[in-house]
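To keep things clear, I will list the structure first and then write my remarks on it.
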Ligand code: GLN
């Protein structure tokens with residue numbers, strides 16, 4: 001059974017845990033350093049990246065997670081999780097700085113703080129529901145990064161080797177296909 005951690009400092013933690021358990025994984029809440037032992041993968045959930053960064057510093061998790069990413073542990077960052085992983089942030093200092101993408105926060109303006117679309121993602125499936133909440137997007141990606149999905153010309157799902165990042169919240173729907181893609185093809 002694959003053992004997948006979910007960073008559990010803030011944000012959509014429980015939804016990821018449920019979805020991972022539905023997929024037959026052992027899901028582990030990561031709140032402190034020992035929780036990172038013997039993981040096969042790690043999910044960095046959506047929430048609020050500035051708050052998460054403060055908590056990562058307080059619980060001394062930033063550096064251990066960065067080292068695991070550099071050593072090749074598969075990670076999936078959703079929304080604020082993508083912001084945490086990005087090498088470069090527009091108008092902000094980066095956090096983990098492990099994924100070769102440039103991310104802009106809050107890319108969808110005030111009137112559309114939150115919306116849902118159906119995405120056709122060639123590698124994953126058709127009409128996959130995606131919930132965007134004050135979502136970021138990837139302005140540019142490095143040469144080894146595979147763009148998996150775009151929406152209205154913005155990159156919203158991409159893979160940099162063992163690191164997967166998306167702008168939206170796949171765990172807030174009942175459709176498990178994106179998380180399944182992460183677990184089946186990367187972990
Ligand atoms: N806008 C949030 C941030 O900057 C991310 C939103 C989300 O994770 N739903 O952290």
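Keep in mind that glycine also has a Cβ here, set from the backbone N, Cα and C atoms.
Of the residues 14, 71, 105, 159, TrEMBL places 105 in the same L-glutamine site as 47, 48, 49, 133, 134.
For the recorded positions shown (48, 171), fewest C-beta neighbours within 10 angstroms: 48. Within 10 Å of the Cα of residue 48 (L-glutamine binding site), the following active-site residues from the list 79, 169, 171 place their own Cα: 79. For residue 169 (active site, charge relay system) paired with residue 47 (L-glutamine binding site), the C-alpha to C-alpha distance reads 10 Å.
Separating the Cα atoms of residue 47 (L-glutamine binding site) and residue 171 (active site, charge relay system) is a whole-number distance of 12 Å.
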